[in-house]
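Reading through the structure tokens given below for one structure.
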Amino acid sequence: MSSPPPIASNSTEHSALIKLSPFLQPWKPTLLAYTASLGSVAGGYPLDSIKSRMQTHGFKNITGAFLNTVKNEGLRGLFRGISSPIFTIAISRSLNVSVFSMVKPYTSKLSLGSGDNFNPVLRVLGNNLPSSFVSGYCAGFITSLWACPFEFVKLFSQISFLENKSKIGNLEALRQIINKNGIMGLYTGYKFQFLRDTFGAAIYFTSYESIKLILNSFLTKEQKHETNSIIDNFSNSWISIALSGGLSGALCWIAIFPFDTLKSLEQKSLISTIVNKDYKTIDTLFLRGNIYRGVSASILRSFFTSTLFFSTYEYLMKVVA
């Protein structure tokens, strides 16, 4: 029993609107994931900025962080530092998808051992869960090595105004971090980034494929009795794609948000040192029960961006041959 294909099935000649050159064929998932990421990153960036401010500066809710930002920095403050992330985060997403797609064929033999007496959907799930989890974990590890420096620079740019009322761009943030702690300063908080990205990608891809498979089994009657049909039509329903994308993004961030907060706080401690400000320690944050501060903004952002990303990506995989 094979597991469902990585994320999306390929297009057929009948459905294809665009045909890539043979040279680009091996890079198809990477290119399409990058394209799909651009719009989702731009659309979700204001909520990402609000999330960072709530994590590091004690805003109690989205409204408070939003109004404070607009009052003191204008609407442009919500997009501060976006110039670099709109490309680097898109690269991270495409790298995530590419590694997942490359690794999954090798992990597809992993199985929970569902017997023949199980419902066909459960049998496919039993084969897919461990394969997707391990593949996602590997993808998250590779992505974390690339993403940590860029996320630190993005955070510096996002919260610099709150630290000392100065507006610092990405290049200046990069220069100040390196001047203070050298190149390795860019990997401040990496231990939390590693935990966030590895388990995050594992949960993200596993929940996406599992939720989509279950929804498809309900939405497409002819898939209920034939296991092969379930696999072949794994990305049939656009309703299931959109809902699975949004739900997987939300579930992922609920699970990994503490790691993201701890990473942001460790990075903020270096930022605060650079601009000569005091900061809350991680222990203090735990004792005050604020480890999930900003999670509401993160869930909204992730639901929106994941819905947009997977809907766009799966559509492109269908129409680009």
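Glycine is treated like the rest: Cβ placed from N, Cα and C.
A TrEMBL annotation is a machine prediction, not a hand-curated record.
As annotated by TrEMBL, repeat 'Solcar' applies to 30-106 (among others).
Residues or ranges marked as repeat 'Solcar' by TrEMBL: 127-214 (among others). For the repeat 'Solcar' (127-214), the model's pLDDT averages out at 90.
Annotation comment: TrEMBL describes 236-319 (among others) as repeat 'Solcar'.
As a summary of secondary structure, the repeat 'Solcar' (30-106) carries 67 helix, 0 strand, 10 coil according to DSSP. Across the repeat 'Solcar' (236-319), DSSP classifies residues as 68 helix, 0 strand, 16 coil.
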